[in-house]
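To keep things clear, I will list the structure first and then write my remarks on it.
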């Protein structure tokens with residue numbers, strides 16, 4: 001391994017060069033392919049003689065604002081629990097999301113809205129891009145503290161492409177319904193990140209174990225992320241559902257599911273906690289599992305009771321996962337899941353997909369009436385039975401797991417390339433490796449950073 005000067009020079013050049021290249025290439029592609037859609041273009045909109053009040057901006061933008069806040073504030077602050085990694089948690093979330101939303105606009109545009117030689121964008125494409133960024137940030141949670149920014153940008157470059165392809169296969173080729181992304185966002189993002197983490201397994205991570213925990217104020221800041229996500233999750237699930245009853249029902253189901261998952265989390269956390277005390281890790285994360293578990297079925301006729309039951313189940317399963325399964329995941333399967341994305345997004349995402357299979361299989365014309373067309377158009381048109389739709393939903397889950405697993409494996413191999421800057425084993429979960437930290441000179445005088453230390457990878 002090169003010594004400190006060459007390593008510092010490489011770190012100085014890698015990130016700016018990659019950022020400039022990615023932004024430059026994206027800008028060129030935007031110039032060539034991206035155009036306003038008919039609801040955004042001045043000439044096209046006014047030529048159609050619509051009232052301004054009919055523009056989709058007024059129906060979709062409030063949801064977009066909520067989704068945007070979730071991505072940049074909710075996800076960012078949820079990950080600041082690490083005692084010495086707050087700058088990186090929020091800062092790299094900012095960086096990844098800013099790149100992912102541009103790149104996903106292109107990838108999703110080529111797959112979903114490419115006609116006349118151009119990609120046509122509007123507020124719905126902004127929401128879809130944020131959804132994709134959310135999946136990338138979920139994967140980031142699995143490798144938080146163990147990767148550098150250049151590695152993360154390359155991860156996003158690959159993951160956005162696979163996310164777009166998986167989404168296209170599920171929604172357009174298989175006709176799967178997944179309004180809130182239990183499969184396309186949460187399951188995909190979680191298992192992509194978990195497989196990536198397995199490939200990047202660091203057997204000497206014990207050297208940084210003392211930084212992997214939280215302190216009082218870092219947990220408090222992380223709780224800000226939890227509250228933002230909890231408040232805005234109904235908008236997240238409902239952002240792109242059919243206007244009217246469908247969107248209303250989606251928000252309602254998510255609202256009740258989140259409430260039930262919160263009570264389930266508090267109950268289980270106290271039950272399995274030491275001396276009956278609550279664990280803030282459980283509250284920060286498992287309380288949100290209710291939003292994940294109804295992602296697929298929230299626009300369906302789940303019923304308020306069904307939403308409560310699903311949320312409570314997700315909260316309990318997620319809490320038990322944090323308590324018992326995360327240690328097994330690392331010790332037995334060599335998956336170092338920093339944020340526990342398997343418990344918040346992975347297992348609840350799979351449960352949500354299976355719940356969607358069940359609710360889709362129970363769909364009838366009597367239950368949905370004329371609303372069947374907006375929720376299950378293929379059933380309404382007579383092209384599928386409810387049972388067939390349920391089977392397609394189940395197959396969509398397997399397709400998602402396949403794309404996520406293969407993609408995570410490829411991503412891990414990409415990120416292990418020796419010339420990419422990666423923090424040494426003794427400096428994981430440490431902001432000073434990548435950031436100018438206030439007071440770092442005094443800290444270095446006591447504990448100098450050994451940036452020249454060789455990396456150890458399996």
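Note that Cβ sites are derived from N, Cα and C of the backbone, with glycine treated the same way.
Residues or ranges marked as topological domain 'Cytoplasmic' by Swiss-Prot: 1-13 (among others).
Residues or ranges marked as transmembrane segment in Swiss-Prot (evidence: sequence analysis): 14-34 (among others).
Annotation source Swiss-Prot lists topological domain 'Extracellular' at 35-61 (among others), citing sequence analysis. Within the model, the topological domain 'Extracellular' (35-61) carries an average pLDDT of 86.
The feature N-linked glycosylation site is assigned by Swiss-Prot to 49.
For 62-82 (among others), the entry in Swiss-Prot reads transmembrane segment, with the evidence type sequence analysis.
Helix, strand and coil residue tallies for the topological domain 'Cytoplasmic' (83-86), in that order: 1 helix, 0 strand, 3 coil [DSSP]. The topological domain 'Cytoplasmic' annotation in Swiss-Prot covers 83-86 (among others), and the record cites sequence analysis as its basis.
Annotation source Swiss-Prot lists transmembrane segment at 87-107 (among others).
Counting only same-chain residues 6+ beyond the ends of the topological domain 'Extracellular' (108-124), those with a CB under 8 A from a CB of the stretch are 33-40, 56-57, 60-61, 64, 132, 164-165, 167-168, 172, 240. Annotation source Swiss-Prot lists topological domain 'Extracellular' at 108-124 (among others).
Annotation source Swiss-Prot lists transmembrane segment at 125-145 (among others), citing sequence analysis. For the transmembrane segment (125-145), the list of distant contacts is 37, 60, 63-64, 67-68, 70-71, 75, 79, 82, 85, 88-89, 92-93, 96-97, 100-102, 104-105, 107-109, 112-113, 152, 155-156, 159-160, 163-164, 167, 181, 184-186, 188-190, 192-194, 196-197, 200, 208, 211-212, 239-240, 337-342, 345, 408, 428-430: same-chain residues at least six beyond its ends, Cβ to Cβ under 8 Å.
Residues or ranges marked as topological domain 'Cytoplasmic' in Swiss-Prot (evidence: sequence analysis): 146-149 (among others).
Residues annotated as transmembrane segment in Swiss-Prot, with sequence analysis given as evidence: 150-170 (among others).
Swiss-Prot lists 171-178 (among others) with the feature topological domain 'Extracellular', giving sequence analysis as the kind of evidence. Taking H, G and I as helix, E and B as strand and the rest as coil, DSSP gives the topological domain 'Extracellular' (171-178) the counts 3 helix, 0 strand, 5 coil.
Taken from Swiss-Prot, the feature transmembrane segment covers 179-201 (among others), and the record attributes it to sequence analysis.
If one looks beyond the topological domain 'Cytoplasmic' (202-219) by at least 6 residues along the same chain, the residues whose Cβ comes under 8 Å of a Cβ in the stretch are 80-86, 145-146, 280-281, 284, 336, 338, 425-430, 456-458. Sequence annotations record features per position, and here Swiss-Prot assigns topological domain 'Cytoplasmic' to 202-219 (among others).
Look at Swiss-Prot and you will find 220-240 (among others) tagged as transmembrane segment. Tertiary neighbourhood of the transmembrane segment (220-240): same-chain residues 60, 62-64, 66-67, 69-70, 73-81, 86, 124, 127-128, 131, 179-181, 214, 247-248, 250-255, 258, 262, 280, 283-285, 287-288, 291, 294-295, 298-299, selected by CB-CB distance under 8 Å and a gap of 6+ residues from either end.
Per Swiss-Prot, topological domain 'Extracellular' is recorded for 241-251 (among others), and the stated evidence type is sequence analysis. Only residues 6 or more beyond the boundaries of the topological domain 'Extracellular' (241-251), in the same chain, are considered here, and those with a CB under 8 A from a CB of the stretch are 59, 179-180, 234-235, 298-299, 301, 371, 374-375.
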With Cβ-Cβ distances below 8 Å as the criterion, list the same-chain residues six or more beyond the ends of the topological domain 'Cytoplasmic' (146-149) that contact it, or say none. 11, 14-15, 92, 95, 155, 197, 200, 202, 205, 336, 338, 415, 420-423, 428-429, 433-434
Across the topological domain 'Cytoplasmic' (326-346), DSSP yields 14 helix, 0 strand, 7 coil
Using a Cβ cut-off of under 8 Å, list the residues of the same chain at least 6 residues beyond the transmembrane segment (62-82) that approach it. 89-90, 93-94, 97, 123, 126-127, 130-131, 133-134, 137-138, 140-141, 144-145, 211-214, 218-219, 221-222, 224-226, 228-229, 232-233, 235-236, 238-240, 281, 284-285, 338-339, 429
Do any residues, 6 or more residues outside the topological domain 'Extracellular' (35-61), come within under 8 Å Cβ-to-Cβ of it, and if so which ones? 113, 118-125, 127, 239-240, 243
Taking helix as H, G and I and strand as E and B in DSSP, count the residues of the topological domain 'Extracellular' (35-61) in helix, strand and coil. 14 helix, 2 strand, 11 coil
